[in-house]
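Read through the structure below, which is laid out as structure tokens, and then see the notes.
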Amino acid sequence: MSSKSKQARQKKNQPKKQKGKGRKGKKKQKKVDKFAKVYSKQKKSVPVRDLYQVMRWPKYIKIQRQRKVLMKRLRVPPAINQFTNTLERNTAYQLFTLLSKYSPETKKQKKTRLQKVAESKVIGDNVKSKKPLTVKYGINHVTSLVERKKAKLVIIAHDVDPIELVVWLPALCRKMGIPYCIVKGKARLGKVVHKKTATALALTDVKQQDKNAFAKIIDICMPKFNDNVETRTKWGGGVLSSKARKAIEKNLESSQLSKKLMQEQKIRERIIKEKLEQQRLEEEAQKKKEEEAKNGKPEADKTEDKKNEKKNTKK
């Protein structure tokens with residue numbers, strides 16, 4: 001096999017150089033999404049859009065939002081509106097730190113406590129185990145404590161549903177002279193008592209070391225909730241939407257414009273009347289002058305001449 005035929009075969013096997021792929025002819029390829037739909041003839045990808053309004057939300061979220069909007073738009077009576085007045089963040093933090101110390105024992109803790117009591121009885125030691133001082137929960141239990149005036153502080157959740165479960169409790173607390181406060185989050189109250197949610201909690205007593213902190217919280221709660229007449233009588237809601245507010249502003253602007261136009265129109269009419277009056281007076285003065293010019297002397301001069309003639313005849 002000759003060297004020429006070998007060279008020809010090697011050239012055939014080598015890959016062909018593509019045109020425009022050298023250093024000068026190199027072009028960066030654009031990254032194109034394979035799955036992006038193309039609608040135009042120019043083959044442009046679809047622009048990114050905000051699909052917040054188009055998104056299909058779950059039903060419970062829709063109901064939440066609709067309720068919130070309704071509570072803003074409609075006129076809310078004071079008995080329900082008072083639940084919007086909640087405890088401030090710092091005082092709420094202090095309150096929940098205090099409540100965490102008095103959270104009720106779990107099933108395991110209770111079991112171990114009772115087992116120890118039973119063991120002591122078997123041995124012969126008559127050890128009496130007192131129930132630990134804890135937060136009381138459950139709406140019926142809390143109301144009975146309030147009615148018997150055993151509760152020292154009542155904590156109510158602001159988002160209880162239906163609100164009829166709790167709407168009468170602030171009035172009962174005020175009647176019995178027991179301090180109460182409204183706190184954000186029934187779930188937060190439930191966490192204290194190892195439940196999902198809790199409508200209301202009550203503290204019957206606290207330990208000696210926590211009495212100062214407890215007294216400070218009561219000093220804040222009494223003027224803010226028990227003695228605050230404004231929150232009990234204030235109606236809520238009645239807030240218009242941005243669309244309605246813009247329409248009202250537009251109407252006001254149009255009415256103001258119309259008033260301005262009316263005023264300008266009146267000023268114009270007054271100016272026109274004054275001009276017409278001035279023209280009329282000028283025309284009358286001109287007519288008089290023309291008449292005087294026709295008669296020769298004015299009438300005033302003629303009367304003076306007659307008076308002078310009479311004087312001369314008398315002399």
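Each residue's number is its place along the chain shown, starting with 1.
Glycine is no exception: its Cβ is also placed from the backbone N, Cα and C atoms.
Bear in mind that TrEMBL entries carry predicted annotations, made automatically and left uncurated.
Listed in TrEMBL:
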{"type": "COMPBIAS", "residues": "1-31", "note": "compositional bias 'Basic residues'"}
{"type": "REGION", "residues": "1-34", "note": "region 'Disordered'"}
{"type": "DOMAIN", "residues": "128-212", "note": "domain 'Ribosomal protein eL8/eL30/eS12/Gadd45'"}
{"type": "REGION", "residues": "275-315", "note": "region 'Disordered'"}
Grab the pLDDT values for the domain 'Ribosomal protein eL8/eL30/eS12/Gadd45' (128-212) and give me their mean, rounded.
93
Tally of residues which DSSP labels helix, strand or coil - the domain 'Ribosomal protein eL8/eL30/eS12/Gadd45' (128-212):
32 helix, 15 strand, 38 coil
